[in-house]
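One structure is given below, encoded as structure tokens.
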Amino acid sequence: MGCSRNQGLIAGAVIGAVLALFGGILMPVGDMLIEKTIKKEVVLEEGTTAFKNWVKTGTEVYRQFWIFDVQNPDEVIANSSNIKVKQVGPYTYRVRYLAKENITHDSDNYTVSFVQPNGAIFEPTLSVGSENDTFTVLNLAVAYNNTVDGVYKVFSGKDDVTKVAIIDTYKGKKTLGYWPSYCDLVNGTDAASFPPFVEKTRVLQFFSSDICRSIYAVFGGEINLKGISVFRFILPPKAFASPIQNPDNHCFCTDREVSNNCTYYGILDISKCKDGKPVIISLPHFLHASPEVSEKIEGLRPNEEEHSTFLDVEPITGFTLQFAKRLQVNLLVKTSKKIDVLKRLTSNYLVPILWLNETGTIGNEKAEMFKKQVTGKINLLGLVQIVLLSVGVVMFVAFMISYCACRSMKAK
């Protein structure tokens, strides 16, 4: 390049500086535009992306059951022996395919009320047997169909996006009536979505009517789900810890006999919300539970990968794009002089009945649409910012070096 082109070099340096400046300015401006768009689209009102997917999920959700078949019932009854179980399954049902009903908007307090109809369709191709297998203790379609969950009242987020989808009341109340103190509060969302701009440090609180309590998940890692970067939040062992391990759980210990004076961990007595039936909830195969809980049960093989609960949340929108909810139903069996089959029992048993795995993953078509409408635009904007800033800086430096070199040669 000739040294007589000083004006051209200066012009090139100026252009480079302008491009770099524009790229730098585009970063905060672009972030503001993205934030404004997201805040608009996650609000639960007619016409938004969130509302459409909230009314009826486009994700196919399946609930799988594994039944614990007792192999030695006569031996247990006669000698109070250890119970030998063998899990049989899965028996698979498609669930959560019905749209929310009785949707009512309250513009005064920015809430939306609804009920969630329950339905279950048996999927024989995804199951090991029929619904009529003799060891099946529960026919889900009979117990689950034609029932509803709710009424829920949640915040729409129209006035405050940090409250979107958070439950205000459940069945008209802010408490459940099952637990003492703050353990009885209905906290968080229903886990289908969370307020946007989720950070790794956030604790995600959600309510599950299946276990009759509010619970929480913590950040466990970052994964790629069908080309979408999501945060995996996991249910920590601390959530089901004993009051000795986690004092915050003291009000979940309601039966000192079941919990051995509140020292056992990994189990939750929910008999109060099951009409007094001795139902105890745990993770499958007593994962993260006290060893004493399962010492009388043979055939259990707890596995973190198969038996833990997690939520994969897209951090910008707060939408849950994949999840696995896993829990086990157990019955407390006590010795009884009035019941013949229980007379010879020398101790109580916590008997696993079944465990379930409810899963849902965003479909391929939905994932492509999500990438096109949300992450794709964000990534493109980020790429434009980087290109402008990089090209601008390179041009500015290159032209300025050339200009200085030419000035130096001219001075010589």
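Placed from the backbone N, Cα and C atoms, the Cβ positions cover glycine too.
The transmembrane segment annotation in TrEMBL covers 9-30 (among others).
For CYS183 (disulfide bond), the Cβ neighbour count at a 10 Å cut-off comes to 19, with all displayed protein chains included. Annotation comment: TrEMBL describes CYS183-CYS251 (among others) as disulfide bond.
Every protein chain shown contributes to the tally, and the Cβ of CYS212 (disulfide bond) ends up with 20 other Cβ atoms within 10 Å. Taken from TrEMBL, the feature disulfide bond applies to CYS212-CYS273 (among others).
Spatially close to CYS253 (disulfide bond) yet at least six residues away along the chain are SER242, PRO243, SER259, CYS262, judged by Cβ distances under 8 angstroms. Sequence annotations record features per position, and here TrEMBL assigns disulfide bond to CYS253-CYS262 (among others).
The feature transmembrane segment is assigned by TrEMBL to 380-406 (among others).
According to TrEMBL, the site 'Critical for TLR4-TLR6 dimerization and signaling' annotation covers TYR403.
Long-range Cβ contacts of CYS251 (disulfide bond) within its own chain (separation 6+, distance under 8 Å): TRP179, PRO180, SER181, TYR182, CYS183, ASP184. Packing around CYS262 (disulfide bond) is summarised by its Cβ count: 17 other Cβ atoms lie within 10 angstroms of its Cβ, all protein chains included.
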